[in-house]
């Protein structure tokens, strides 16, 4: 029942605000740029930078570094925090993601530039798709390296009453796989759709006669793609996921009568 003077609508709104701002494990506020609810406004300028045409080596390195720096902070802020995570794991994940993203992006750009079989226009179009494999692979690297300790120590699983049943490494594995898959799906529409759309729009008479409009239009297309991709990626797996106790360690299955338990997979 709702408290006196508070409607169900107000309660639902309060719950949404709490879930958007408060970490479910620590009950502490997540810094605004690193909340999932802040991913689009703070992440879109980075996406625009990643997809800028005619990237130099320096600009490629800069935007990949900035993107993975933001991703690392988002991953850490939204991690499963039922167990303490050493700062060394954050640093390891951060550098691993940055190195992998920059290496793949620079390597693919060099390969495309050396491919003599492509025309200049085709080469430019292919280069626009380079950020996706670089970002997707680095995102997975970022998640695995930063949260690898969860595989060793396990994460807490809860019964339907919110009581801790035990610490499960199998649940931790499920959490990391689900988060990694989300991180692959998330950049797909963001980094694949805008290059396709912009390659079409740039041929229109309006943008041909007004080249200064290319960047604002590009930004709006990226914003729309981000707005489409984020809810889609997050909805793949709920943050508070369920798993059957029969799939977990025997000691956890024996510690509860519940058929399923809940764990925070992180975002």
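Every residue number used here counts from 1 along the chain in the order it is shown.
For all residues, glycine too, the Cβ spot is worked out from N, Cα and C.
What TrEMBL says about a protein is an automatic prediction, not a curated fact.
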Which range of 11-38, 39-66 is transmembrane segment, per TrEMBL: 39-66
Which range of 158-179, 180-201 is transmembrane segment, per TrEMBL: 180-201
Within-chain partners of the transmembrane segment (91-112) [C-beta distance under 8 Å, separation at least 6 from its ends]: 55, 57, 60-61, 64-65, 67-69, 71-72, 75-76, 118, 123, 126-127, 130-131, 133-135, 137-139, 141-148
